[in-house]
Every structure is written in structure tokens, then in C-alpha cells.
């Protein structure tokens with residue numbers, strides 16, 4: 001009986017440890033918009049960065065789309081099983097990179113682009129809508145009846161209506177078609193079993209319904225999944241975000257809820273991204289919502305929110321929605337001390353000379369067990385000062401104001417600091 005009690009106790013300890021590790025995730029985007037141009041291949045190049053990535057405390061690396069694509073970056077895929085035609089490298093190099101990550105205890109996340117697909121051949125109408133899967137057999141060899149019926153001119157009118165937003169540059173795939181579902185699930189499971197991927201980042205996830213995403217997640221069982229649902233915030237007449245962004249973050253929460261809140265699904269917290277972009281420009285009061293909590297998705301459902309400063313679209317050479325470049329470390333001081341799962345961008349870590357500063361912040365997060373559901377207490381949120389305490393162990397300050405000594409309780413010491421930010425940790 002004693003042995004049984006001991007075994008049960010050990011099981012509960014390990015279960016708790018497993019849950020703690022799962023919630024302490026730090027994601028890293030391992031590429032930018034120009035990575036495909038790298039001499040010798042990006043997969044080979046990134047192999048040389050694995051030690052630094054693992055040493056930083058990063059738990060997951062998001063890799064670029066791996067399949068053959070008519071766009072060099074991988075976001076216009078065609079032959080999904082063909083991983084040898086990628087501009088980032090070939091299948092063997094990809095597997096070696098994933099093996100190296102696994103050897104350091106880091107998981108690999110695939111960029112899954114399935115909303116749309118480019119065709120290999122024209123049909124009798126002269127329209128490119130005959131797809132080739134990239135295998136000798138008929139897997140993923142589809143025709144126009146696998147295209148959403150309302151996606152003209154590609155469709156032949158036999159498919160189901162689109163369940164999400166239209167993507168104009170390529171045919172929108174009919175995800176209500178049972179063969180489409182079956183063969184995409186098989187492909188996802190092949191990426192796991194044969195290539196070694198552990199989870200998914202769903203590109204343009206607003207292009208198909210959450211019910212569809214649930215099918216792919218439930219039937220492929222990734223350990224981690226994050227969706228890109230990028231929609232516009234609500235803006236006022238001054239061109240700045242409204243104080244209340246509840247409708248915007250509700251869309252993100254609704255997606256996760258429909259996919260299955262108890263599963264691995266998360267979404268990028270575009271609400272926090274948009275607010276933080278403006279807040280660091282002398283409007284730090286924006287970081288306290290009308291309910292006194294964080295104003296983004298992390299204020300409502302932090303366990304399912306992936307926070308970020310920039311990515312290959314918002315930053316890099318595309319600059320669609322860039323974070324103020326001279327305040328990037330304020331952004332990292334925020335996301336790396338707050339609840340939610342933070343995502344670090346390759347450019348900032350390796351190309352901007354910010355590696356040591358980001359390393360220190362991740363170390364503070366790891367050392368004090370800050371995780372995606374940590375308790376956030378906002379102490380001050382004024383134009384020039386944001387001050388918050390996390391789990392009673394870490395305090396973060398953003399903004400140029402320096403007279404905050406009276407707001408920092410005893411028993412804390414400075415753990416990291418830089419341009420208009422500082423972090424204290426409990427001694």
C-alpha cells in the first residue's frame with residue numbers, strides 16, 4: 001500500500017511538472033521574409049543557431065512553410081508532399097534541423113498553409129485548377145470541385161461555399177469536402193511521423209471556419225497549435241486604436257472556444273500587438289483596460305494567447321505593421337514578463353543586437369516560473385509609466401519616468417534594464 005501511495009505521489013508530481021513545463025512555453029519565429037535567399041539554404045544556416053536558441057530557454061521554434069511553392073517564401077504552396085523544392089532547403093536538411101532541435105529539447109512548429117493552394121495544370125477551360133500532391137499516387141491530386149464554389153474564376157460551381165475570408169491570389173480550398181479533409185489530415189500526420197514536426201502554425205486561419213480548424217487539430221493531435229487571425233482593430237478619427245477593443249479580442253477568444261479551449265489551440269494576440277504598438281509612443285495608459293486588466297486577449301484568456309512584437313509580415317522587409325524600432329525592447333519587456341505565450345522574432349534576436357537583452361528577460365521569466373496564466377497586477381498606467389507585478393515575483397516598468405522607487409516594495413532587486421524599461425525580481 002505504501003508503494004502504491006508513493007507511486008501515486010510521484011505520478012502527481014510528474015503530472016504537475018508536465019503541466020508547468022507546458023504552460024512555460026516560449027515560441028521563436030525562426031525566419032523572416034528574406035530567409036529563402038540565404039546562400040547554402042536556410043535550414044543549414046539555422047542549424048548553427050540551435051545551441052543559442054536552446055540556451056535562451058526557447059521551447060518551440062516556428063519554421064517556414066516547407067512545401068513546394070510558386071512564391072519563394074512558401075505561402076503559395078502547390079505540391080504539399082514535395083519538400084525538396086523549397087527555397088529554404090530540402091527534406092533531408094529539414095529533418096536534420098528538426099532532429100537537432102529535438103536533441104536540445106526544443107519542439108518544431110510547421111507553418112501550415114492550407115486555406116489556398118496553387119494548381120499544377122489547367123483544365124479544359126484554360127484555368128489553373130488541377131492540383132498535384134507531390135507523390136506518385138493520387139494523394140492531394142485534386143480538381144476544380146475541391147475549390148470553393150464562390151471562388152471565381154477557379155471554381156467549377158460544384159464545391160461548397162467558402163467558410164471564411166477570400167484569398168484572392170490563389171484558389172480557396174473547399175474544406176467541407178470530405179476527401180480534402182481526409183487527405184490534409186493524412187498530410188499533417190505525415191509531417192509529424194515522417195518529418196518530425198510537433199505542432200502547427202495555421203496561416204490565414206480566418207480563411208476557413210473554426211469548425212474546420214478543429215477537424216485538423218483534433219485528427220492530427222499536435223502538442224501545440226497557433227492560428228493567425230489578423231483583422232483590423234477599431235480605430236478612432238485620430239487614426240489611433242480605440243480604448244475599447246473588446247470586439248477584436250472577442251473574435252480571437254471565439255475562435256479558440258470553437259476549436260476547443262481544452263486542447264492545444266491558441267491564437268496570436270493581435271489585439272495586444274496593436275495596442276502595444278501605440279502605447280510605447282508615450283501613451284502607456286493604454287495598457288490598462290477599462291476593467292483594470294490587460295487590454296488584449298491576455299486580459300481575458302492568457303492561456304490561449306500568443307503575444308509578439310513583430311513577425312515576417314508586420315516587420316522584416318514587409319513592414320506591414322511594424323513596432324516602433326527604437327522601442328522594441330519595451331515590447332519584449334512587456335510580453336516576456338506577462339501572461340500569455342511570448343513569441344520572439346528572429347530579426348530582433350539575431351540581427352538587431354538585442355540577443356543579450358532578450359536572453360536576460362527570458363531568464364527572469366524562466367527563473368520565476370512566469371507562465372501563460374500568471375497573475376498580473378497593474379500598479380500604474382500613465383502616459384509615461386507602466387508598472388505591473390506578475391505572480392508577486394517580478395515587477396516590470398515601461399516608460400521614461402524614473403521616480404518609481406516608492407512604488408517598488410522591499411525585497412526586490414533589478415534583474416534587467418534598458419532603454420525606458422526595467423525589470424525587478426524578488427530576492
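Glycine is treated like the rest: Cβ placed from N, Cα and C.
Checking the candidates 156, 172 against Swiss-Prot: the one annotated together with 115, 162, 165, 207 at the Ca(2+) 1 site is 172. Of all Cβ atoms in the shown protein chains, 24 besides its own fall within 10 Å of the Cβ of residue 207 (Ca(2+) 1 binding site). It is 26 Å from the Cα atom of residue 135 (Ca(2+) 2 binding site) to that of residue 151 (Ca(2+) 3 binding site).
Using a 10 Å radius centred on the Cβ of residue 167 (Ca(2+) 3 binding site) and all shown protein chains, the other Cβ atoms total 21.
Ranking the binding-site residues 75, 141, 312 by the distance of their Cα atoms from the Cα of residue 167 (Ca(2+) 3 binding site) places 75 first. Here the candidates are the recorded positions 141, 151, 313, 419, and by Cα distance the one nearest residue 207 (Ca(2+) 1 binding site) turns out to be 151. Distance between Cα atoms for residue 313 (site 'Transition state stabilizer') and residue 132 (Ca(2+) 2 binding site): 28 Å, as a whole number.
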